[in-house]
Amino acid sequence: MNQTTLFIADLHLSAGRPDITAAFLRFMQQEAVHAEALYVLGDLFEFSIGDDEPSPLNDEVAAAFKACVEQGTPVYFIHGNRDFMVGRRFARQAGVILLPEHKVIDLYGERTLIMHGDTLCIDDAGYQRYRRVTRWGWLQWLFLRLPLTFRMNIADGIRSKSAQSKEVKVMQVMDVNQAEVERQMQRYKVRSLIHGHTHRPDMHTLYIKEQAAQRVVLGDWYTQGSVLVVSPQGMELQNRVLPAS
Ligand code: LP5
Ligand code: MN
């Protein structure tokens, strides 16, 4: 076991992109099993309409997590804006631990806040409104009782509405709000934040009350893999190649 903790996000796994799935499975078998822990910070799947959807891809992903956990590496999962309907059934099947939307962990002595990152994008008012509504427990309860074909149609409708509205939103609106980043970091009393969602991989230095702090943004897996490798010596944002498809 290496003294490393790994973070990934925004893989957007789908049946249509077997190259990303292959890269993910290789990462699980060759890297994650040697780490002390793996954190998946949301948007693992392109989208989810509930754990009861029969899906060979979801089963394959669950089996890869399970194998990793059984070899001694715990896997933690925070929902993204695309896979917030992943639930307890998938978590049990995969052996993963579901975490709340914001979580403070001890990362080799550094209190670190981890999250998907969408809650930081408060300038995107339309999205935040939509987010609030789709997190209502009773609405999710009702949604999960609809036939799968209905649910798939609703998801398709939301996806195309979202794609349309993204075309007219300026990039800045879809990025994090700096004041909100600082507010959340102060609220949780951390000087280190790790998130995904914006697909703008980077390590930012910022100052909170004149104290240096860092915000690490994970990349997506569209054209390469993105992995944050943390050890007691420090952290590094690394890329992984996708296999030729
Ligand atoms: O993920 P990304 O980067 O492409 O876009 C996000 C925001 N979009 C979303 C939508 C998801 O991508 C789609 C997920 C489908 C899940 C299906 C499950 C349904 C469960 C329902 C449970 C009750 O998250 C996008 C942000 C962007 O990130 C950047 O941060 O801007 O947000 C939007 O574009 C949202 C729009 O502003 C508002 C969309 C209104 C949808 C209205 C619903 C209409 C219903 C139609 C039904 C037929
Ligand atoms: Mn996202």
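Each Cβ is built from the backbone N, Cα and C atoms, and glycine gets one as well.
Matching D19, D124 to the substrate binding residues that TrEMBL gives (N81, R82, S162, K166, K169, H197) identifies D124.
Together with D10, H12, D43, TrEMBL lists one candidate of H195, H199 for binding Mn(2+) 1, that being H199. A distance of 14 Å separates the Cα atom of H199 (Mn(2+) 1 binding site) from that of R82 (substrate binding site). For D10 (Mn(2+) 1 binding site) paired with H197 (Mn(2+) 2 binding site), the C-alpha to C-alpha distance reads 6 Å. Among the binding-site residues D43, H116, H197, the residue whose Cα lies closest in space to that of D124 (substrate binding site) is H197.
Those residues noted as binding substrate (N81, R82, D124, S162, K166, K169, H197) have their most widely separated CA atoms at a distance of 19 Å.
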